[in-house]
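Written out below as structure tokens is the structure these notes cover.
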Amino acid sequence: MTKEKPAVFYNRIIDKGRLKKLMSWAYTSFGSAHCATMADELKTLGFRYATQAGVSISVDDLQVPPIKRQMLDSAEQEIKTTEARYSRGEITEVERFQKVIDTWNSTSESLKDEVVKNFRETNPLNSVYMMAFSGARGNLSQVRQLVGMRGLMADPQGEIIDLPIKTNFREGLTVTEYIISSYGARKGLVDTALRTADSGYLTRRLVDVSQDVIVREEDCGTARGLKLRAMTDGEREQISLEDRLFGRVLNADVVDPKTGEVIAQRNQDIDADLAKKIATTVAEVEVRSPLTCEAARSVCRKCYGWSLAHGHMVDMGEAVGIIAAQSIGEPGTQLTMRTFHTGGVFTKEAARTIKASKAGTIQFKDGLSTRRMRTPHGDEVEQVEVAGTLVLKPSDNGKMVSHALSPGSFVLVAEGASVKKGDLLVEVGAGQKTQKSTERATKDVSSDLAGEVLFDNLIAEEKTDRQGNTTRSAQRSGLMWVLAGDVYNLPAGAEPVVENGTHVNVGDILAETKLVSLSGGVVRLIPNSREIEIVTASVLLDEAKVLHETGGGSEQYIIETSKGDQFLLKTAPGTKVQNNANIAELIDDRYRTTTGGIIKYSGVEVAKGTKKQGYEVLKGGTLLWIPEETHEVNKDSSLRIVEDGQYVEAGTEVVKDIFSQSAGVAEVIEKNDILREVIIKPGELHLTEEAIADKYHEQLIQPGEEVIPGVTIDKLSYGEKVISTEGVALLVRPVEEFQVEDTPVEPSQGSINEQGAGRNIELHAVQRLFFKDGERVKSVDGVSLLSTQLIIEIGAIEGEDEDVLANLYADIELQDDPTDDEVKRLQLVILESLILRRDSDSDPFGGQVQTRLMVEDGQEIVPGAVVARTEIQCKEPGEVRGIRSGQEAIRRLLIVRDSDRQTLAIDGKAKVKENTLVVAGTEIAEGVVIEDSAQVLKVSDKEIVLRHARPYRVSGGAVLHIDEGDLVQRGDNLVLLVFERAKTGDIIQGLPRIEELLEARKPKEAAVLARRPGTCQVEYLDDETVDVKVIEDDGVISEYPVSLNQSVMVVDGQRVGPAEPLTDGLNNPHEILEIFFDYYAESKGIYEAALIGLRESQRFLVEEVQRVYQSQGIDISDKHIEVIVRQMTAKVRIDDGGDTTMLPGELIELRQVEQVNEAMSITGGAPARYTPVLLGITKASLNTDSFISAASFQETTRVLTEAAIEGKSDWLRGLKENVIIGRLIPAGTGFASQNDFVDEGTSRSPNGYSNVVTNDNGAGLSSRTYDDLDGSEILDDQTARAFTEGKSNRKDIISGDELISDDTPIPSDVQGKAPVIDDDAMIDDNWMKDQ
């Protein structure tokens, strides 16, 4: 078989990338069969040579570049310099941190380059180098960690740790480095696990939204197209125009702007060579795209372009939607949530720099203007404000070199300066175009030494917020000095006893605290304790003994008086009780009843009180008690056994399982068929007339009275009329009497009352009744009617507050009797307890503390006497400073020690004045340079006295925690620096960002977009806010509110178009759509406006999705994203149906609405008005025409219910609906076209293939000629088929489309030969038998 193509000879190293290109070239040029064979042969070749070379990998192959040590040293040197600048107060803590991080970052980067250079120059056959750079395994970042340095890591909060990992895995990590490493590594693992699930769900949603997109038409005939240009990020090209054009179809002729020659025509598809040619001549090309395709419910072949699977025009019936969904979903697992395959190593793009190519002088041209600016490293540089050109005029009068600079770049040289070759001229900023999104962050700065604070050129301003909190912040940048000294924290209540300027020695008292007794009394010192008790008043029960009884797991104390009365102690010894507390109760059974009953007072008077505490008896008398037993039942009435009014004997069962304890008349109380209570009333029952019963009802009957003839009462009784089972009767109930004395039993007590205190304390017995007069007591077992309690009474002193009494407590104590060891006595004491400070105080800044006791045990003291003094003593000699009096008094005191000063001898004249602050490195006299910053205390001819100090640079806007003159300890916070930092890329990137875009979510911090074109006015106001106005073309001024944490991206006078961002942040695609629609609706009509709006938001979405994938180095063809975005932007929301049948709020395809509106314009009806909407993929899936597909996706019940209510039909157009109900799917490239077969029956290919065979580019099969086949030829299906069709007179090849039936005559020249059969051929069995 002869080939017309020239032989190709490759002579170069083939790595992974080139191998990809080779395979793709083989595939597009020779088809799948040849490509597969070649791949096989390459594999064999590879194994063969790998075996011969014996490539292996060992630890020795990991060669660390020898220059590494030197690079680390220079980085450390640079950091030392930065630290020195920091200690001189030239840069802030934030700038220092930033500089350290950038230094290590660039060191790590340049070390990486060295690693590569080292391998390349010393041993290009090193197995690690070959492996990584051929693309077999591993990447540069991993090689860097093996033989370079691991670099900076982030901690779990995502903050960068400024201690880099200087070692690599070959050298081994230190313990610290290992721990720091494990943060990021763990994060990577967790991330992978979470990612898999997320990515799978994303793919499912994508498939669902696009499963019904199938190529159903040849050409939709649209004139619309999409303008393509290279996708850039700032200056950097992300996807070249060449790559974006490949496999597209042109929508307009491409004309060479120089020669006017037509390079390519409309509707021509673009292969790789043509793409390259077009990209080199023009910057923007209009192509056809699925986004602009007008085919109904599908995409046409021309708009889709090549099928990237085989590099030819897409076949009819190809399910391009599903391919698109898989192409976007599959790389999802490679996208990150946070870190990317580097085990948490921090990576950041280094700024691009421009260096002088030769020596010369610098000129600014084209209106280049700059302003002074402080870089993040604290260097003062010029930043480009208005773009222009920087020109280097060589000193050898050669050709001038010019560099165009965009705003934001840093110019490191002055105009007119002369530079040497290799000098750094410019750090190129990323430019205004990129989203330099920043966030406000804060950092605390704490003091490195103790001392007093001095402000140098630092002005504090106070702001009060709405809540009334006052914050003090620095108006502009300045220095805060801490002058060294020993700061003593004074304990609460300590008063200084020295004055400012006094000189003190070790052991001198600086301040003291007095411990004062308020009430006075007798001192009690407790051994081994820091507590001093002062007894103010006490009472001792001198004749009563205290008995201690234990039993049954509980213990109790009983007080026995000399008369034999016993009181039970209610509160345990050692507890503190308040005034009027009940501490003991008389053990006494005289008032105990056996059952419940009714209580009546006879002569007894009680005070008002509460049921809980009881009613205090004021005057004695008799208590009358009429017993009865009450059973509270609360059960169903059917369980009752006795009747109301029935007389029962003791022991009778009255209700199931309840027995009466005494004989008497039963009273039954029922409510709603529930038996509440059964009351048994003991007594004698006499049947009598009603009049008599009424007379004695609820009356006391005196002894000797005859109630009924023949019945005389012999003791005090109580009458009650009852209706018994036998009729009216009088129940005579017994009455018990209890005598109550006027005064209760009281134990004898001797009390001491300390002089000066004048406070009294005594125990006082009280009788308390627990029931009111006439109260019915419900009980079966009996109750105690009266109890005698011992109450503690603390006497008040004249003229004292009630609060004092309420706060006094008495202590219950048991005292040993001096005469009898067995006996304990009860004592009640009122104490004041004072706690001494610990001498070994935990505060290391407190100085030597010594506490002296001023009283002895048993000593009587007057109120206000000093019990102890705590003295704070000086630790090192020095001069006292920093004491303030009055309102400003602070609990600290400063001593300037001799070690805080330094005296330097000088020869010549001093160059500094007294009281000035000088930073390290300053020359203070001829030849005398100080090493540390200091304050000049004294200048004389011979010497200069300095006081050590430390400056801290404070940036403008920082929050000040302290004031001038304050004393600070080491480690105290001085200021909170507020600074802007670039948002770390992982805020949202990777999968979450893709999801946010495809679900069309509104971003959290959206950018403010201009609504109409115009010119910006940017005004920076005093209170740090920025005022942005746009003067629109018709003169209208619109204001745009900017929130505090957004930075403005436009400059004054800049021209902006519609939907251009004014601030940083992510654009909201809904807003882009709305702005363009509103802007063009009036001038172009709503259909065109809707198309423009949708086109802009489509472009935004496609580019943003591409950006995310590109940032991870994943290439996806635009057309896949376009297919998905097309599905998201197909619908509009009806605002007003006009004369159509559409309802407001309905979501309908734009195409459909426009068809209806066109019909309306012909009939003269009012058209429907609508707004274009952007649906997220989930929403779009739920709003498809097919309810079966939507229901199988999410919210099944809702979707099906709505479809049923609306009476929807499903036309089964997509793949999913057909699969669900078990039909064949309406897709696939082999489906027969409706067109008749062409060319008088010679070519029988369905139109899907006729195009492949006659592909214009010769990339297809038409460029081959076939001679006779020999047995070694490799054929794939298409080749075989095309071959048959090309030579339809040959009978020895049977293609798959020829169906041979039983009666087909077999050509004579075929008989006996084995035919070449492709795998689609359907061959009749009989024919095979005959062979």
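Even glycines carry a Cβ here, placed using N, Cα and C.
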Subject >> One of Cys35, Cys220 listed by Swiss-Prot as binding Zn(2+) at the site of Cys293, Cys300, Cys303 >> reply: Cys220
Original post:
Under Swiss-Prot, which of the candidate ranges 876-913, 1104-1141, 1294-1331 is annotated region 'Disordered'?
Top reply: 1294-1331
**OP:** Going by DSSP, give the three-state secondary structure for Cys300 (Zn(2+) binding site).
**Re:** strand
Original post:
Which Cβ among the binding-site residues (Cys293, Cys300) has the fewest C-beta neighbours inside 10 Å?
Top reply: Cys300
**OP:** Output, ordered by sequence, the same-chain residues six or more apart from Cys220 (Zn(2+) binding site) with a CB under 8 Å from its CB, or 'none'.
**Re:** Cys293, Glu294, Ala295, Cys300, Lys302, Cys303
Subject >> Any further residue of that chain within 8 Å (Cβ to the Cβ centroid of Cys220, Cys293, Cys300, Cys303) of the recorded Zn(2+) site >> reply: Glu217, Asp219, Thr222, Arg288, Pro290, Thr292, Glu294, Ala295, Val299, Arg301, Lys302, Tyr304
